[in-house]
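*Asks:* Have a look at the structure that comes next, please.
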Amino acid sequence: MLIFIEGGAKSGKTSFAEHFIQQRQGGRKVYLAAADPQDAEMSRRINSHQCKRQNAREQWVTIEQPYDLMRCIEQVQAGDHVLLDCLTTWLSNEMFSSGSWHVQMGPALMLEALSNLQKKTATLLVVSSDISHQSAGHPDMIQFLKVQGRLSSQIVKRADLAGMVNYGCLRSMKGEWQ
Amino acid sequence: MDFIVGGTANGKKEWAMRHYQEKPILLWHSFFKADISECVLPTGQNGVLVIEAFDEAVKKHLDQPEKLQQWYKTIRNWENEYQDRKLAIIGADINKGIVPIEKKDRQLRDEVGLWYQQFMKEAGQVYEVWYGLAVKWKG
C-alpha cells in the first residue's frame, strides 16, 4: 500500500503519519529518515523527532538515508510498515547534496526507488512538505518546486491513499481512510 | 467561464486536457510561451479557449495592468458571443508562503490574489487541482 501525506511546517503531518503506521497490524514499524544533521538547528529537530518516537507503542526501527534510497533496500524487510520522512528533504539532498543529481534521470530514479520500496513492504507512507503555493524568483527554487510538484503528482497517481494534514487533521483527497 | 487553480507543477494543465477532452479546444494560449499580442481569438462558435499560466500574464503586465484588464474583457466578450463557447483560465496559486523579499514579487503576489478573487466571483465553475486531483470549489 502506498500513501501520500502533505502538510505545512508544524502541521502535524509527521505525528499523524507516525500514528497511522503504529496502527498497522504486524510487521516492523520502520522510520526512514531523510534528514541529514548538517547544522545545529537540524540536529535539534532530528533529536526532537527521535525523542517522540521513543514513546511509541511499538518500537521504531530507524534507517537514516539522506539520498539514494536504493542503498537501504536491503535493510527493509517484507511486511514492514515504512514511514518516509520526508520527500522534500530527500529531494533537496538528492539535488543539492548528493553531487550526482541528473536533471532527466533524477526524478525517475527517485520514483523507481519508491516503487521498489513499495513492492517489498506492506505499507509505504510518504510524508511531504507543502511548498508549492508560493512565488519563486531564484532559478534553483523554481526548478525545485517543479520537480517536487511533478514527483508528488506521480506519487499521488500511484497512491492508494492521499491527503493533506492541517493543524493535525487529515483532509482526504484520495481513497478511503479508516 | 471556468477557473482552474493550484500549486506550481501540481498537474493543472494535464487535468484540464483530460477535463475538456470531449469538447473541441479552439485555442490553447499559454503565457509561458506567448503574450496577449500573439493570441488570435478563434472564430469557432463551439469549443473552449484555454488560457494557461494567467499568473505569468500578470507578471508580464505588472507595470501596465490596464492592458491585461482590457484583454480580459475582450476574452469574456468572446465567450459570451455564443452559448457553446467556454473560457477556461488556469493559474498557479502563488499566494502562500513567506512574504517575498523583492518589491516586484510582493506586488505580483498581491495582483495575482486580486485577479483570482475576481475569477472566483465571475466563474461558473472553479476547480482546485492538487497533484492531479481536482476539488470543485464552485459550480
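Any Cβ shown, glycine's included, is placed from N, Cα and C.
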*Asks:* TrEMBL has A:A33, A:A34, A:A35, A:D85 binding GTP. Which one of A:E6, A:E58, A:E64 is in the same site?
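*Replies:* According to TrEMBL, the candidate sharing the GTP site with A:A33, A:A34, A:A35, A:D85 is A:E64.
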*Asks:* Counting across all protein chains shown, how many other Cβ atoms sit within 10 Å of the Cβ of A:D85 (GTP binding site)?
*Replies:* 23
*Asks:* Would you work out the biggest C-alpha to C-alpha distance among A:A33, A:A34, A:A35, A:E64, A:D85, the residues that bind GTP according to the record, and give it in angstrom as a whole number?
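*Replies:* Greatest Cα-Cα span of the listed binding residues: 10 Å.
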*Asks:* Can you tell me how many other Cβ atoms are located within 10 Å of the Cβ belonging to A:A34 (GTP binding site)?
*Replies:* 22
*Asks:* Can you tell me the CA-to-CA distance separating A:A34 (GTP binding site) and A:H49 (active site, GMP-histidine intermediate), as a whole number of Å?
*Replies:* 12
*Asks:* Rank the binding-site residues A:A33, A:A35 by the number of other Cβ atoms within 10 Å of each Cβ and report the first-ranked residue.
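*Replies:* Counting Cβ neighbours within 10 Å, the top one is A:A33.
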*Asks:* Through the lens of DSSP with three states only, how would you label A:A35 (GTP binding site)?
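*Replies:* DSSP call for A:A35 (GTP binding site): coil, neither helix nor strand.
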